[in-house]
2 protein chains.
Amino acid sequence: MATIIDGRALAKKLNGQTSQRVEKLKQAHGMTPELVVIIVGTDSASQRYVRNKHRTAERLGIRSIVKELPESISQEELLNVVRQYNEDPEVTGILVQDPLPKQINEKLVTRSILPEKDVDGFHPVNVGKLFLNDTTKYPVACTPKGVMTMFDEYQIDLKGKNAVMIGRSAIVGKPMAALMLNAGASVSILHLLTKDITQYTKQADIIVSATGSLHTLTKNDVKPGAVVIDVGQNINEAGHLVGDVDYDDLFDEVSYITPVPGGVGPMTIATLMQQTVDLAEWSLERDQ
Amino acid sequence: MATIIDGRALAKKLNGQTSQRVEKLKQAHGMTPELVVIIVGTDSASQRYVRNKHRTAERLGIRSIVKELPESISQEELLNVVRQYNEDPEVTGILVQDPLPKQINEKLVTRSILPEKDVDGFHPVNVGKLFLNDTTKYPVACTPKGVMTMFDEYQIDLKGKNAVMIGRSAIVGKPMAALMLNAGASVSILHLLTKDITQYTKQADIIVSATGSLHTLTKNDVKPGAVVIDVGQNINEAGHLVGDVDYDDLFDEVSYITPVPGGVGPMTIATLMQQTVDLAEWSLERDQ
């Protein structure tokens, strides 16, 4: 029987720490971390995400600015908005919610955010530092960083372990693979072109799935005692939010597993808040 | 019996193409690619490498400047030298030969080179773009890029293949893993902490070894027909230059193999020259 990795409880704990750090920044340095979330257009899922981020930030004492821009905005206008926040010393973290309308080059926008305010950790220079296992301070994509917090909390040591990352997205798969590699795991990165995923997962101590497809893994695909982290968010036929893996089938076979919902999901926003405060603290260190 | 991947012949072919591209740049644009190699101190191996780079560059029509600096140079002085070359519009590529003396922070020096003149491809923003499989133009570490040229020349398609990278250095292992991933392989990155390398190599279609240890692989460690790329450069007991893998033992088992010497080695400098011209051409595109 697996231990369930409780993302809700851990996110709550992390948020508690974050709010204490915010309080300390205010008292010791007269500084309030300030997160700017830029949203373009009226996509309802995006608006829901942004609202969640905004509410959580406010609850933790972070100053939160939601900058709503019209769907019709031009590339140059959007870059100008980012530039203003880059130059504003009060703003410590900036993110641009995706998706962006067609006339916008998302890559250029991501790269226009100052690396030291890049709270999503998507800027190539931050990605490069992560892949190089740089020991200085820089932001990292929040979902994988949240998974590392889970490993830490449940004392799951990655050193010398065989880890498998299913999925190679810029937001989850690649940074997650880099983090596990930096923590001492041997890491296999699998994806849609991989012919036999089971061949890898059957040898794995740690499996992270971020494919967005249902039932990527059942108990026949894993080694007994494996750790399974499910980053998937899918809607099943019954209309329920479920992960990638077959949770019920795996439950008796694995040692640790994250549920969906209540696993990785809650950690992403909590990590975003944590990293907003990280960036604020690091900015003070730079100013010294 | 394996096909021997002939790095010397391929390097010669590549150098021929590079020299034609240099000629074309001169004739069509009145431009000569200019490579600056900065060497600090008197390490004899470094001096030999730098001499080789210098000679090859001159032979291909690239303007080559070797800037020799004293062992005692300060961090600030070295950064100033780099800054001068960054600002010099004639200079299209800059590299700082390692190792550097103790008083120098190598990482800071690497990052001080303008990313668009970073002919070694070591700057984190270039590493980040590589890992993200960015489709714009940026330099990539020369040894792994040279290996990709080998795959191309011998029509070894990586799509859907199982690739294993033994070694996770910033110069070879990590960029090589990223390149193979970008080419569609499933990639496992192994290293000193990996408990059972054979478990991976026995399933691999492509194996790249960059460990700097002798006899990492024998025929019992590989699948028949695998492709073996040996990036190792070791001196054996008899005082000869040899690779990581047991070449003779593997020879009848694998489909392709690189010899040492005469395999990956010659491709590194040839790729450096190719990339010097890449950077020069890209600078023209930026100026348009």
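Note that Cβ sites are derived from N, Cα and C of the backbone, with glycine treated the same way.
The NADP(+) binding site annotation in TrEMBL covers A:Gly167, A:Arg168, A:Ser169. Neighbour list (A:Gly167 (NADP(+) binding site), Cβ cut-off 8 Å, at least 6 residues apart, same chain): A:Gly173, A:Leu190, A:His191, A:Val208, A:Ser209, A:Ala210, A:Thr211, A:Gly212, A:Val231.
Assigned with DSSP, the residues of the domain 'Tetrahydrofolate dehydrogenase/cyclohydrolase catalytic' (A:5-120) fall into helix, strand and coil as follows: 62 helix, 19 strand, 35 coil. What TrEMBL lists as domain 'Tetrahydrofolate dehydrogenase/cyclohydrolase catalytic' is A:5-120.
Sequence annotations record features per position, and here TrEMBL assigns domain 'Tetrahydrofolate dehydrogenase/cyclohydrolase NAD(P)-binding' to A:141-281.
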Among the binding-site residues A:Gly167, A:Arg168, A:Ser169, which sit with their Cβ under 8 Å from a Cβ of chain B?
A:Arg168
Other CB atoms, at most 10 A from the CB of A:Ser169 (NADP(+) binding site):
17
